[in-house]
Amino acid sequence: MHFHDCFVRGCDASLLLNATSGQSPEKNAVPNQTLRGFDFIDRVKSLLEAECPGVVSCADILTLIARDSVVVIGGPFWNVPTGRRDGVISNVSEANANIPSPFSNFTTLLRLFNNQGLDSKDLVLLSGAHTIGLSHCPAFSRRLYNSSGPGGVDPTLDSEYASNLKANKCRNPNDNTTKVEMDPGSRNTFDLSYYTLLTKRRGLFNSDAALTTNSTSLALINQLLSNPLKFFYAEFAKSMEKMGRINVKTGSEGGLTE
């Protein structure tokens, strides 16, 4: 959720805003349809407002929760400077245009990251959060049913993995409810397994597989896999800190959402 927020008008919690004056908000965008946790954010905000009204922004809450949700499962800690202000504009078209799609190729991914001041290293590292990710079939089912390989399977996807997905997860191309682990067997552990899967052609999304199609990003993946886990943790933390500073609103900018 933090990632989806920061890629549209910066890390300002505009993702949380509801429709106003006929304007469809970011949360209605296609990439945001399966996001979870809005109610949890609301509960945290309510508790904070009861203790210190008008002090803590939703933007800070979203950023802190992103960090703490990784830490609580044993992942890395990173510094989160506070003092962000909340955005007051939320536009569905901006979200659709700026948030990377699971169908994106490497060129598109890098362009969208570059637009936010991030580079190929950040792209590889932040994608590592998929180690604890869940997806729904529509985000990748075309790789199983509507591609150029035998049986409609994407030829860049490991055939055994594809067969398992078709037999046990997304049994038909119209399934839009089944949840699938992006890092099977390791979803509750913040580790390097996601990158190992990429090297075995078992990245779930097109955008995951795309990371192995570029020599620079593939070299970064291999570097992560050849180093201790703490190296990934340190580098991931740096990229999260960097992303958390995208177009932050402070001072008289924005406001404080109640």
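Placement of Cβ uses the backbone N, Cα and C atoms for every residue, glycine included.
Going through ASP175, ASP191 against TrEMBL, the one listed in the Ca(2+) 2 site together with THR131, ASP183 turns out to be ASP191. Looking only at the recorded positions HIS130, THR131, CYS170, ASP183, ASP191, the one with its C-alpha closest to VAL8 (Ca(2+) 1 binding site) is HIS130. Within 8 A of the CB centroid of the Ca(2+) 1 site residues ASP5, VAL8, GLY10, ASP12, SER14, GLU26, the other residues of that chain are CYS6, PHE7, ARG9, CYS11, ALA13, LEU15, GLY87, SER90, ALA95. Cα of ASP191 (Ca(2+) 2 binding site) to Cα of CYS11 (disulfide bond): a distance of 26 Å. For the domain 'Plant heme peroxidase family profile' (1-258), the model's pLDDT averages out at 95.
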